[in-house]
Structures are given as structure tokens and as C-alpha cells.
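Student: After the C-alpha cells below, expect a handful of questions from me.
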Amino acid sequence: MNKPQSFFHLHLISDATGETLLAAGRAASAQYKDARAIEHIYPLIRTEKQVAKVFEDIEEEPGIILYTVVDQKLARGIDERCATMGLPCVSVLEPVLTVFQSYLGTPAGRRVGAQHVLDAEYFRRIDALNFTMDHDDGQLPANMDDADVVLIGISRTSKTPTSIYLANRGIKTANIPIVLGVPVPESLVSASKPLIVGLIATAERISHVRQNRILGNSSSYVPTDYVDRAAINEELAYARQICTRHGWPMIDVSRRSIEETAAAIVALRGKNR
């Protein structure tokens, strides 16, 4: 008999695009078929203020922390915060750099994002990442016409990780939560440039992910209908109604990886051009 799949939070902190971490995290989590990582990606983290904000999010949804930060002061700060919170924390590149240093007889240059060629494509991706982080979870809704893609959906439909994945490919992506009974911003309805896509999933899948979120955040009050499948079905019906009314395509993410969802969105962009 197969074990039911469980979920855990995987926090990826990078001072560059986060692709190295994403690859390492997925390679490791793929070894655990009964546990699925809920990925939280924090790219371009280069100041203590940014680190503090990241750990505010981690405190709400604790889990495993992987990081690639070459600034040693910031790295020590991350290690200290993890130790204080009792959370597992790994500097992914540090063991590799140690081996290189031992063999080559010289310390690493500690250059941020040194693995990336500083060409036009790289700067396009950085610009997209900055835009995406500034427009996460409904922030700055007046700027929707500056986006290439806008993802909408109820809570726990993978809007943020999908947005960051697309941004890593140079696609400026905003995401807006759909809340039952609350109209979407008028700036979204009137936007003419972006591809607007609704992300949906089964009530069972969303309930499962939300329950795991609650388990990791027992200190906060959570309404009972947050995980109730009947209530979630109402939220989903409202989201579908909005998308149908405005002619926005929908993608069911229930059985899709982030990469598969992103690929479907890129395909939709190609058709709409």
C-alpha cells in the first residue's frame, strides 16, 4: 500500500538568480517519493535587511533552508538565524568551494553570481526577477500592463514559485490572489499587454497543502474553512467564474510540476503573440 504524500517547506536563499539552488534542492527532494517540497525561492538576497525579511517568511512556514550567499557576513547571519530557530540549514556551495580551495591552493574570489555571463540575457532575467518580486501576491496592482504574464488564483495554487520560475527565464510575471467575493483589480481587467492565466487545482490538493502549512505554523489562528473542501470548492468556482467571464485561460496545477506549469504558460504566450 502506497503511503500518502506529505509536504514540507523548502526555502532557497540566493544572492543571484537561484537556479543553482533550485537544481540542488530538486535533485535531493526527488529521492523522497512520498514527500513533496513546497518551494520558496528568494533570489537577489544581498543585504541584511533582505535576509531579515526572508526569515519573517520562514518563521511562518519553517522547513529546510538551502542557500548560496558568497558574502560571509550574510552567510553567518543566515546560519545564526537557523540555529536560533532550530532549523536545518546548508550552504550548498561551501563544501565545493572548500575542495577547490584545497586542491588549487587559493581561496575563492567570492564574486556574487560569478557563474553567470553578464550579457544582455542575464540582465533581462535580473530585471524580470526584480519586477516579479515587486509584484508578488497582489503588490503594486496598478502596474499590471508592465507585466508579460499575470497569474491569478486562490491561495496555494503555486502562483509565487511559478512566477519566479518564469522570471528566471526573463518573463516579467506578476501574481494576484483571488479571494472569494472580492473583485479582481480594475487595472488587471483593463490591462492589454500581459497574458493573464488562472491557476486552479483540485480541492483535495489545495486542502492537503494548506493543512501542511498549518502544521508548520501552529501559532497562528487559521479559519476552519481554510482547509474545508466544500469551502475550497466555492473559492475555485469563484476563480473559474472570473476567468470565464474575462476569457482568461486556466491551467490545472494539481498534477503538474512548476516546470510543467511554466511550460504550458510559455506555450500559451506563443499562441497569443
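Cβ coordinates are placed from backbone N, Cα and C, and glycine is handled just like the others.
Pulled from Swiss-Prot, these are the listed features:
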BINDING   Gly153, Ile154, Ser155, Arg156, Thr157, Ser158, Lys159, Thr160  ADP binding site
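Please go over these features one by one and say how buried each is and what sits next to it.
Tutor: Close to Gly153 (ADP binding site) in the fold, though at least 6 residues off in sequence, lie Lys159, Asn175, Pro177, Ile178, Gly198, Leu199, Ile200, Ala239, each with a CB less than 8 Å from its CB.
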Student: Using the CB centroid of Gly153, Ile154, Ser155, Arg156, Thr157, Ser158, Lys159, Thr160 as the ADP site centre, which other residues of the same chain sit with their CB within 8 A?
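Tutor: Neighbours found: Asn175, Pro177, Leu199.
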